[in-house]
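Q: Would you mind keeping the following structure in view while I ask a few things?
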Amino acid sequence: MKIIVEANIPYIKGLLEEFGSVEYLPAPAITPVAVKDADALFVRTRTKCGEGLLSGSRVSFIATATIGTDHIDLEYCRRNGITVCNAPGCNAPAVAQYVFSVIGNFFEGESLQGLRLGVVGVGNVGSIVARWGERLGMDVMLCDPPRMRREGGDFVELERIAGEADIITFHTPLIREGIDRTLHLADDRFFDSLGHCRLLVNSSRGAVVDNAALYSALCNGKVGAAAVDCWENEPEIDRRLLDKAFVATPHIAGYSSDGKKRATAMVLEAFARHFGVDVNGIHGIPMTDAPARGAEIADIGQVMASYNPLADTAALKSHPECFETLRNNYQLRQECR
């Protein structure tokens with residue numbers, strides 16, 4: 001068996017060698033020639049997996065050590081019998097940590113109680129963000145159209161969040177078409193409809209927020225401030241938006257050591273299932289004692305003490321041309337405990 005592993009996946013090196021030949025390659029080196037005789041791929045978001053990469057190869061298994069799968073052509077894989085797995089929820093506590101560190105820094109010295117927090121997308125990440133907001137006395141509004149259709153309950157329309165929320169934070173996947181399309185969910189029309197949004201946070205997918213429209217909204221005062229971790233056209237990000245953002249980071253909101261350990265463990269377990277090997281035979285699978293549902297926080301200071309996004313912002317604003325280097329060499333942090 002031949003296994004190709006994207007070199008920047010943490011905690012995986014040395015764990016697959018007993019099953020075959022393993023090559024660790026940087027994302028740009030994962031080419032059609034490199035994967036032609038591979039059986040399994042382990043990737044991150046920088047490796048686009050579709051017909052262009054996979055046609056004519058013998059790949060039967062792709063694992064992405066990430067939450068999202070929008071870098072993988074799932075329909076092509078389905079048609080060609082390629083199993084795809086991801087790591088849903090692996091870094092949810094880390095992203096929540098990021099969001100509330102941003103909120104804590106922006107509203108420092110001001111009570112959070114009674115502030116209206118709009119959470120758009122209430123999956124693994126959004127659920128933790130909502131729970132923490134409630135613990136801190138915020139008035140939390142939830143928008144998740146698929147869940148609203150399935151469950152009813154206390155979900156609201158995006159228009160209500162736009163009109164009423166002080167803080168809006170996005171936690172949706174990137175869906176390019178259909179009834180639940182999230183591509184440019186926050187566009188010019190959305191920003192024009194805002195009531196009094198003091199802070200907008202995007203730590204979901206870059207193209208969920210139209211970056212040019214967000215820049216305009218910051219300039220005309222429709223958005224008071226923005227925290228951007230996920231950008232359109234990474235790593236060639238919008239320098240105007242970078243300069244304007246309160247917090248600007250190189251797609252590292254979920255970069256905790258705990259989250260990376262969870263992700264690697266999840267994709268290794270999926271590999272074992274697919275190839276019919278005993279997962280207990282994979283020695284050294286990383287473990288973490290951090291709760292997958294996130295800590296039960298007591299106050300905002302607890303979160304702020306665990307991470308300061310302003311340091312990462314200073315690094316990116318000083319060297320925007322180093323976006324990819326800053327991301328790939330990021331010092332993984334500990335989640336809030």
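Every residue, even glycine, has its Cβ placed from backbone N, Cα and C.
It should be emphasised that the depicted structure is a prediction, and the values quoted were computed from it without experimental measurement.
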Q: Given that TrEMBL lists T66, Y255 as binding substrate, which residue among T45, T47, T288 does it place in the same site?
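A: My reading of TrEMBL gives T45 as the candidate in that site.
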Q: In TrEMBL, the NAD(+) site includes D144, T172, D229. Which of G133, G163, G195, G254 does it also list there?
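A: Checking G133, G163, G195, G254 against TrEMBL: the NAD(+) site match is G254.
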Q: What subset of the recorded positions D144, D229, E234 lies within 10 angstroms of H251 (active site, proton donor), using C-alpha positions?
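A: Of D144, D229, E234, within range: D229, E234.
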Q: Nearest to R205 (active site) in three-dimensional space, by Cα, is which of the binding-site residues T66, D144, Y255?
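A: Closest by Cα distance to R205 (active site) among the binding-site residues T66, D144, Y255: T66.
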Q: Just how many other Cβ atoms lie inside 10 Å of the Cβ on E234 (active site)?
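A: For E234 (active site), the 10 Å Cβ neighbour count is 15.
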Q: Tell me the Cα distance separating T66 (substrate binding site) from G254 (NAD(+) binding site), rounded to the nearest angstrom.
A: 9
Q: Measuring Cα to Cα, tell me the gap between T172 (NAD(+) binding site) and T66 (substrate binding site) in whole angstrom.
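A: Pair distance, Cα basis, whole Å: 14 Å.
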